[in-house]
Amino acid sequence: MVVASLCEDRAEKMASAGLLEAVAPKKKKSNIKYASTCAVVASMASIVLGYDTGVMSGASLYIQKDLEITDVQVEILMGILSIYSIIGTLAAGRTSDWIGRRFTAIFAAFFFFAGALLMGFASGYTMLMLGRFVAGIGVGYAIVIAPVYTAEIAPASARGFLVSFTEVFINIGILLGYISNYAFARLPLHLGWRFMLGIGAVPSVLLAVLVSGMPESPRWLVMKGRLADARVVLEKITDTPEEAEERLADIKTAAGIPDDLDGDVVVVPRKRGGEEKQVWRELILSPTPSMRRILVAALGVFLFQQLTGSDSVVLYSPRVFESAGLTGDHQLLAATCAMGVVKTLVILVAMFLLDRVGRRPLLLCSTGGIIVSLVGLATGLTVVDQNPDARIPWAVVLCVASVLVYVSFFSIGLGPVLGVYTTEILPLRVRALGFAVGEAGNRLVSGAMSMTFLSLSSAITLGGTFFLYAGIAVLAWVFFFTCLPETRGRTLEEMGSLFGVTDTGAEAEDAAPATQDASCWARLLGASPGPRVD
């Protein structure tokens with residue numbers, strides 16, 4: 001009897017446990033690894049941008065000797081890729097909304113491949129510029145599509161970590177460019193720089209092959225009415241089917257699809273006047289006050305990233321080190337490689353801090369460090385410049401250390417935060433176009449800074465140039481401190497609450513920016529911040 005009673009009790013407990021398990025199924029293992037794989041593959045597109053930036057810093061020394069071109073021609077060669085990339089940047093938004101994020105990445109890989117071959121086989125300056133043009137278009141596509149795709153496929157808890165892969169691969173590309181400089185520097189003059197540039201075709205082939213096996217962005221699929229396909233992708237990147245359905249419902253709302261409209265494929269309601277015109281109207285032509293806040297915030301991050309001199313430091317690092325007192329091509333390239341190693345190691349640390357510390361603290365810390373390092377570099381270069389006949393060891397050490405500190409602080413915040421923050425705050429309907437517009441401004445400033453660096457340093461000295469960059473960095477810190485809310489931990493569909501706008505572009509009736517920065521926006525844009533939400 002006792003045994004029977006125990007057996008009955010045991011059976012009841014098992015039945016109870018089974019019932020509970022049926023009601024609340026055990027959560028399956030997180031699919032963060034799958035989302036991470038997709039992010040890594042998509043971010044590989046940014047390797048080419050980094051490689052070109054890194055390899056040209058050293059290759060330009062040999063190109064100038066071989067082709068016997070002037071400093072002005074070198075400036076144009078160095079910075080023109082950023083200008084050319086604007087074409088791809090502006091086209092990327094429409095292309096990715098038309099054919100999808102995945103096929104746009106493959107499209108970019110084709111331009112990378114063709115551009116690298118043209119530069120590698122260039123017979124003169126004209127053909128070299130043609131190669132820069134083709135590669136520039138590919139770069140424009142890549143720098144838009146990689147962070148946009150990653151942001152749309154990543155879960156909110158790891159979005160900062162995954163989107164930062166874009167910046168990680170840029171830094172890996174820069175380091176590979178430096179290593180290529182060092183490896184091929186011993187080849188004959190007419191072959192060395194051609195190998196440096198031509199070998200950039202290899203990553204593009206690998207990119208095209210890997211991207212072809214990636215899933216499409218679930219948010220793009222919803223925008224096209226392909227709900228069944230979107231559901232399949234969401235189930236792969238979320239923890240439970242319930243979470244996938246919840247995220248699908250949020251994305252449908254953001255895309256303007258009614259809740260009661262369901263099925264494998266649905267017709268997405270279109271706004272009058274055409275979808276493309278509507279997007280331009282929402283973002284640029286007649287934005288609401290809240291959308292204007294988002295646009296100013298995004299553009300501020302895009303522009304200040306380049307105005308603080310990041311590309312000038314990377315592209316012209318051998319010349320900076322030479323001015324500081326280092327001599328010999330191999331010594332200069334070795335110092336540049338050390339800078340690339342530091343950049344890459346620090347960006348790996350930043351990946352883990354983005355979702356733990358937050359975007360805003362990293363931006364402020366990064367910009368503050370950039371200010372200090374630029375002042376140190378400018379001071380060291382000024383001392384060296386004023387004592388041309390004397391070697392001042394402490395000034396040389398200060399210059400080299402300041403460059404390493406600069407790239408470290410840039411890589412800990414201002415570099416990786418750009419792609420994360422801007423893709424987060426831009427609403428779904430205008431995300432691709434908004435990121436493209438911001439990146440176009442970023443590339444334009446990058447080109448202008450790169451193509452004027454040598455002329456500017458000749459006019460106001462190298463030290464004066466970096467003092468100017470330091471002043472701009474101070475303005476950047478003030479902007480970030482007063483006007484950027486924190487976004488860590490929010491889903492993309494929740495970002496509108498920070499600026500008082502829903503993800504469909506409409507004003508939230510009673511919402512106000514849920515940050516202490518509301519008064520800043522009111523003063524800046526003349527919009528009433530509404531009641532403060534703590």
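Glycine residues also receive a Cβ, built from the backbone N, Cα and C atoms like all the rest.
Any TrEMBL annotation is an automated prediction that lacks curation.
Per TrEMBL, domain 'Major facilitator superfamily (MFS) profile' is recorded for 38-488. Positions annotated as transmembrane segment by TrEMBL: 34-52, 72-91, 103-123, 129-149, 161-179, 191-214, 294-317, 332-354, 361-382, 394-421, 442-460, 466-485.
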Per-residue pLDDT averaged over the domain 'Major facilitator superfamily (MFS) profile' (38-488), given as an integer: 83
Criterion met for the transmembrane segment (394-421) and the transmembrane segment (34-52) (at least three Cβ pairs under 8 Å): no
Stretch of maximal Cβ-Cβ contact with the transmembrane segment (294-317) [cut-off: under 8 Å; candidates 34-52, 129-149, 161-179, 191-214, 466-485]: 466-485
Folded-back contacts onto the transmembrane segment (129-149), same chain, C-beta under 8 angstroms, at least six residues removed: 38, 42-43, 45-46, 48-49, 52, 77, 80-93, 95-96, 101-102, 104-105, 107-112, 114-120, 122, 163, 166, 169, 197, 200, 204, 217, 419-420, 422-423, 431-432, 435-436, 439-440, 443
Contact call for the transmembrane segment (361-382) and the transmembrane segment (466-485): at least 3 Cβ pairs under 8 Å, seq gap 6+: yes
Cβ-based contact of the transmembrane segment (332-354) with the transmembrane segment (161-179), 3 or more pairs under 8 Å: yes
Maximum Cβ pairs under 8 Å to the transmembrane segment (72-91) - stretch from the list 161-179, 191-214, 442-460, 466-485: 442-460
The transmembrane segment (161-179) in contact with the transmembrane segment (34-52), cutoff 8 A, at least 3 CB pairs, sep 6+: yes
Segment-segment contact (the transmembrane segment (191-214); the transmembrane segment (442-460)) at 3 or more Cβ pairs under 8 Å: no
